[in-house]
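Here Swiss-Prot flags 222-239 as compositional bias 'Basic residues'. Sequence annotations record features per position, and here Swiss-Prot assigns region 'Disordered' to 1-21, 203-239.
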Amino acid sequence: MGKSLIQQRRGKGSPTFKSPSHRFRGAVKYIPLNYTQEKTLRGVVEEIMHDPGRTAPVARVKFENGIEKLIIAPEGLLVGQEIYIGPDAPIAVGNTLPLAKIPEGTYVYNIEGIPGDGGKYVRAGGTYALVVSREPDKVIVQLPSGELKAFNPMCRATIGVVAGGGRLEKPLVKAGKAYYKYKARNKFWPTPRGVKMNAVNHPFGGKEHHPGKPTTTSRRAPPGRKVGHIAARRTGRRK
């Protein structure tokens, strides 16, 4: 009998594949909408921290009503800096306000998908979105992928560019650095190729060092066989 594939083991959910969330700083969400829908709150940045679970640093902010929140830090944020969240917040880096109040051509990040969800889009280090146009019923924003997406005007966003840009410009150089990179998030690494495995471990395994069978697989194949090009319309280089 063959052994389970990596994706079968991952689906079972053993500690090998679980995210080490106990090491992470915590959830990064905006202050609930009912606090800031009518008035603007002032907060002070108390600390900027590294978060192993993210590609950007996070900042701990204490607001004037006593609530403490973690936010994704933008480029240029300082400890002790005052930031504002609400409909009347000034247009400045680090401030959060509804998209309807943000002028066209402004860089924003951590955009809500639905008003009050805390922020879902553009949260990775070095990323930003661009407010393209505003209409009464929607705001058009250009995402980092280049896609133009319409948002509810009441969705909140933070002004600025996410800190941590240029992270990928420095090469890893050696496998030892990659080891620690993946270890921080408990990623299963390195990932062996199927053709390098034994026949008992993978459908493409065995001594021949090539699959030995077509690499296209049915969408309805059973879990132990569903490897390779799944339900592919075509394979290989375009001619």
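Each residue's number is its place along the chain shown, starting with 1.
Cβ from N, Cα, C; glycine included.
Residues in the region 'Disordered' (1-21) partition by DSSP class (helix H, G, I; strand E, B; coil) as 8 helix, 0 strand, 13 coil. Assigned with DSSP, the residues of the region 'Disordered' (203-239) fall into helix, strand and coil as follows: 0 helix, 4 strand, 33 coil.
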